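Visitor: I am attaching a structure below and will ask some questions about it afterwards.
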Amino acid sequence: MVNEARGSGSPNPRSEGSSSGSESSKDSSRCSTPSLDPERHERLREKMRRRMDSGDKWFSLEFFPPRTAEGAVNLISRFDRMAAGGPLFVDVTWHPAGDPGSDKETSSMMIASTAVNYCGLETILHMTCCQQRPEEITGHLHRAKQLGLKNIMALRGDPVGDHWEAEEGGFSYATDLVKHIRTEFADYFDICVAGYPRGHPDAESFEDDLKHLKEKVSAGADFIITQLFFEASTFFSFVKACTEIGISCPILPGIFPIQGYTSLRQLVKLSKLEVPQKIKDVIEPIKDNDAAIRNYGIELAVSLCRELLDSGLVPGLHFYTLNREVATMEVLKQLGMWTEDPRRPLPWALSAHPKRREEDVRPIFWASRPKSYIYRTQDWDEFPNGRWGNSSSPAFGELKDYYLFYLKSKSPREELLKMWGEELTSEESVFEVFEHYLSGEPNRHGYRVTCLPWNDEPLAAETSLMKEELLRVNRLGILTINSQPNINAKPSSDPVVGWGPSGGYVFQKAYLEFFTSRETVEALLQVLKTYELRVNYHIVDVKGENITNAPELQPNAVTWGIFPGREIIQPTVVDPISFMFWKDEAFALWIEQWGKLYEEESPSRMIIQYIHDNYFLVNLVDNEFPLDSCLWQVVEDTFELLNRHPTERETQAP
C-alpha cells in the first residue's frame, strides 16, 4: 500500500561489494543526459582554448605542500575559500624533501589529490626529474592518474647542492620528462612547462634557454607558465622571442604579489632574479612594516596585471600565492576577475575527478558534508546520472577515519570548546549551541558558533528563508542538521536558491532533518497521522531501529530544475536506503567531533553520550511544494500534544 508506515530493524544495507551507487548503475543512469556544466567534460587545454576564443580572461593559483598535518587542514580550508573566486586551475609544487609521491597528508601527491577530489579544483601536479629514476617517475604518474589528476607540470627540478648532477640512468632536462610522459601515457595528461622571461639562470644564454623551451613544447607540452617578473616589458619581450622561434602555445605570466620583505628576499634568492631598483627604493624604508609592504605589493601587482591584460597578449594570470590568500584575492578583486557570486552548476559541491564527470544526483543527507560523501563513494566505478534509480544496495564505504585531514573540522579544539561549551550542564546546553549557530549571535561566553559537527561551513544562503522557524524549533529540542525551504519555479539565476544554466527554473520540496528525543518522536508519530498523504518521514535510532512511510523505500526527488533544451534534472534525492548509511555517520559525529572534546566520564561527555544513545534522527519531506510548507505546523502540533496532560495523549513508541 502506498504510504503505509512500517518499522524494521535494519534494512541490512551492505558496505562492501558493489562498486556503483545503485543495484544496476547502467540501468539506472542515463549518460546521454546533457551536461549542465560543459567545463566538467573538457580537458584543461580545451578550457583554455575556449576561453581564449571568447576573450574570457582567467586566473590560476599556485600552492605548496604544508609541513604539518595542521597545515594541511588549513590549506584545504584555503582551497575552499579561494575556489569561490573561480580559478581556472590550481597547481601544487613538488618538494623532494617532503616525500612528495607518498600518501602522507603533507605530500604533494595527497594535497593535489585533495584539491581535485574534495575541493573540485582542476589541478596541476608539479613533477621533477631531479634525482629520480624513470621507473620512479612512471610510478608517480600512475598514482597521479589513479587519483584523478590529469595535468602535470614537467620540471627538471633544483639540485640539492650547487651543481646539477644527473641520476644514473635518469633524465637531465625537463624535455626528457615531457617525452617520457608522452611515451608512457600518450595524450592522457595535459603538460605544462616553465618559461623564464630572462632566461634560466643555469642556461648558457637567453637564446639557448629559448631553444630548450621550444624543445619542451615540441616534445608535447601544451602550455607554458613563466617564472615571476617585475615589469610587463620583460614578459612582452619574452612572448615576442617565443613567437619568433615558432612557439604558439598559450604562455601564462607568473605574478607574485609582494607580501613581505623576508618572503621577497627568499623568493628572489631561489629564483636568482634581480629586483628593480625603483621597487627596492620603495620597500627598504618600510621593510619592517608588513601591512605597508603588502599594500604596496597589491598596488604594484594590480598595475602590472592591468598592463599585461591591456596588451592583448595575455589569456590569463597565474599567481604565486605562497599559500596566502589576502593579497592575491585583493589583486583579483581590484582587477574585477574575482567571481563574487559564482554560478553553481549543481546545488552541491562538485568533485573534479574525471570518473565523476557524469555524476549529477546525490542524496541530500551529505549536503553539508560533501567531502565525506566523496570519500565514502570513492571506490564506485560509475555514478548516478539522470536519476538515482532503484538503490537497493548502494555500496557506501565505511567512514572510520575521522582523523583524515580533509574530513577534520577546520577549527582547532580550543575554538570548538569556546563555541560548543567548555562545560555542558544539560541537554538544554546543547540546544543553545544549535540556536547560536543559527542566530549568529555570540553565546553566553561571547563567542560566535560558526560550525557544528555536521556542518563545518557557514549557513547556506537559503537558510535565511526559514531562519526564524529554525530558531524556534531548535529552542524546543528539534536539533536541525539539514533543511531546505520549498521553492516553486524560481529562476535558475536566483542568488539564493538558483543553480544550473541561465534561463531555467528550480524547484524544491521542503525538507527538515533533525535529532530529537524519544518523547518528542512519540508525539510526532501521532501528529504525522494527520499528514500521512502529504509528508514522508523516516525515523531511526543509533541501533538502526527505524520507521518510515516511504513508498517501497523508493527515492524521493526533493530538488529539480527545468532548463531550455534539456530533460528535467533532479540532482538531490531523499533515499531511504542511503539514509541508513548516513545515520551511522550522523550519530558518530556526536562522539567523534563533540563528545571527545571532553574527558571520559565527565558530565559534559555523558550528556553528549546520552543524546547519541537515546535521541532519534528524523527526516521529513513535504511533497506539496507549491503550498506553504506544513513542516513547521507539524512541529508545532507535536509540541502542543506534548504539552497536554499524559492522559490526554495516545502514545505510540517507534
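Numbers run from 1 along the shown chain.
For all residues, glycine too, the Cβ spot is worked out from N, Cα and C.
According to Swiss-Prot, the record shows the following:
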type     : residues                                                                                       : note
ACT_SITE : Glu62                                                                                          : active site, proton donor/acceptor
BINDING  : Glu62, Phe63, Phe64, Pro65, Pro66, Arg67, Thr93, Trp94                                         : NAD(+) binding site
BINDING  : Asp158, Gln227, Tyr320, Arg324                                                                 : substrate binding site
BINDING  : Asn455, Ala460, Ala461, Glu462, Thr463, Thr480, Ile481, Asn482, Ser483, Gln484, Thr559, Thr572 : S-adenosyl-L-methionine binding site
COMPBIAS : 7-23                                                                                           : compositional bias 'Low complexity'
MOD_RES  : Ser10                                                                                          : phosphoserine
MOD_RES  : Ser18                                                                                          : phosphoserine
MOD_RES  : Ser19                                                                                          : phosphoserine
MOD_RES  : Ser20                                                                                          : phosphoserine
MOD_RES  : Ser22                                                                                          : phosphoserine
MOD_RES  : Ser24                                                                                          : phosphoserine
MOD_RES  : Ser28                                                                                          : phosphoserine
MOD_RES  : Ser29                                                                                          : phosphoserine
MOD_RES  : Thr33                                                                                          : phosphothreonine
MOD_RES  : Thr93                                                                                          : phosphothreonine
MOD_RES  : Ser393                                                                                         : phosphoserine
MOD_RES  : Thr450                                                                                         : phosphothreonine
REGION   : 1-41                                                                                           : region 'Disordered'
Visitor: Between the Cα atoms of Asn455 (S-adenosyl-L-methionine binding site) and Arg324 (substrate binding site), find the distance and write it as a whole number of Å.
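Guide: With the alpha carbons as reference points, the distance is 24 Å.
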Visitor: Would you count the other C-beta atoms found within 10 angstroms of the C-beta of Thr463 (S-adenosyl-L-methionine binding site) for me?
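Guide: Other Cβ atoms within 10 Å of Thr463 (S-adenosyl-L-methionine binding site): 16.
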Visitor: Rounded to the nearest angstrom, how far is the Cα of Ile481 (S-adenosyl-L-methionine binding site) from the Cα of Gln227 (substrate binding site)?
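Guide: Taking the Cα atoms only, Gln227 (substrate binding site) lies 47 Å from Ile481 (S-adenosyl-L-methionine binding site).
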Visitor: Check each residue in the chain of Pro66 (NAD(+) binding site) that is at least six apart in sequence and keep those whose C-beta is under 8 Å from its C-beta; list them in sequence order.
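Guide: Spatial neighbours, sequence-distant, of Pro66 (NAD(+) binding site): Ala72, Asn74, Leu75, Thr106, Ile111, Asn323.
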Visitor: Sequence gap of 6 or more, C-beta under 8 Å: which same-chain residues meet both conditions with respect to Ala461 (S-adenosyl-L-methionine binding site)?
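Guide: Listed in sequence order: Pro495, Val496, Val497.
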Visitor: Filter the recorded positions Tyr320, Thr450, Thr463, Ile481, Thr559 down to those whose C-alpha lies within 10 angstroms of the C-alpha of the residue listed as 'active site, proton donor/acceptor'; answer none if the list is empty.
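Guide: Candidates kept after distance check: Tyr320.
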Visitor: Compute the C-alpha separation of Thr559 (S-adenosyl-L-methionine binding site) from Thr450 (phosphothreonine), stating it in Å without decimals.
Guide: 26
Visitor: If we count other C-beta atoms within 10 Å, could you say which of the binding-site residues Phe63, Phe64, Trp94, Tyr320 has the fewest?
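Guide: Among the binding-site residues Phe63, Phe64, Trp94, Tyr320, the lowest count of other Cβ atoms within 10 Å belongs to Phe64.
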Visitor: Just to verify: the residue among Ser483, Thr559 with the fewest other Cβ atoms within 10 Å, which of the binding-site residues is it?
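Guide: It is Ser483 that, of the binding-site residues Ser483, Thr559, has the fewest other Cβ atoms within 10 Å.
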Visitor: Given the binding-site residues Asp158, Tyr320, Thr463, Ile481, Ser483, which one's Cα is the least distant from that of Phe63 (NAD(+) binding site)?
Guide: Tyr320
Visitor: With Cβ-Cβ distance below 8 Å and at least 6 positions apart along the chain, what are the contacts of Ile481 (S-adenosyl-L-methionine binding site)? List them in sequence order.
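Guide: Expected: Ser368, Leu452, Trp454, Asn455, Glu513, Phe514, Phe515, Ala586.
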Visitor: Any same-chain residues 6+ apart from Thr450 (phosphothreonine) with CB under 8 Å of its CB? Would you list them in sequence order, or say none?
Guide: Ser411, Met419, Tyr437, Pro458
Visitor: Which of the listed binding-site residues (Arg67, Arg324) has the least company, meaning the fewest other Cβ atoms within 10 Å of its Cβ?
Guide: Arg67
Visitor: Between Arg67 (NAD(+) binding site) and Asp158 (substrate binding site), how many Å separate their Cα atoms?
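Guide: Between the Cα atoms of Arg67 (NAD(+) binding site) and Asp158 (substrate binding site), the distance comes to 19 Å.
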Visitor: Using C-alpha atoms, which one of the binding-site residues Pro65, Thr93, Trp94 comes nearest to Arg324 (substrate binding site)?
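Guide: Spatially nearest to Arg324 (substrate binding site) by Cα position is Pro65.
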Visitor: For the C-alpha pair, I'd like the distance in angstrom between Trp94 (NAD(+) binding site) and Asp158 (substrate binding site), rounded off.
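Guide: For Trp94 (NAD(+) binding site) versus Asp158 (substrate binding site), the Cα atoms are 11 Å apart.
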Visitor: Please name which of the binding-site residues listed here, Asp158, Tyr320, Thr463, Ser483, is nearest in space to Phe64 (NAD(+) binding site), Cα against Cα.
Guide: Tyr320
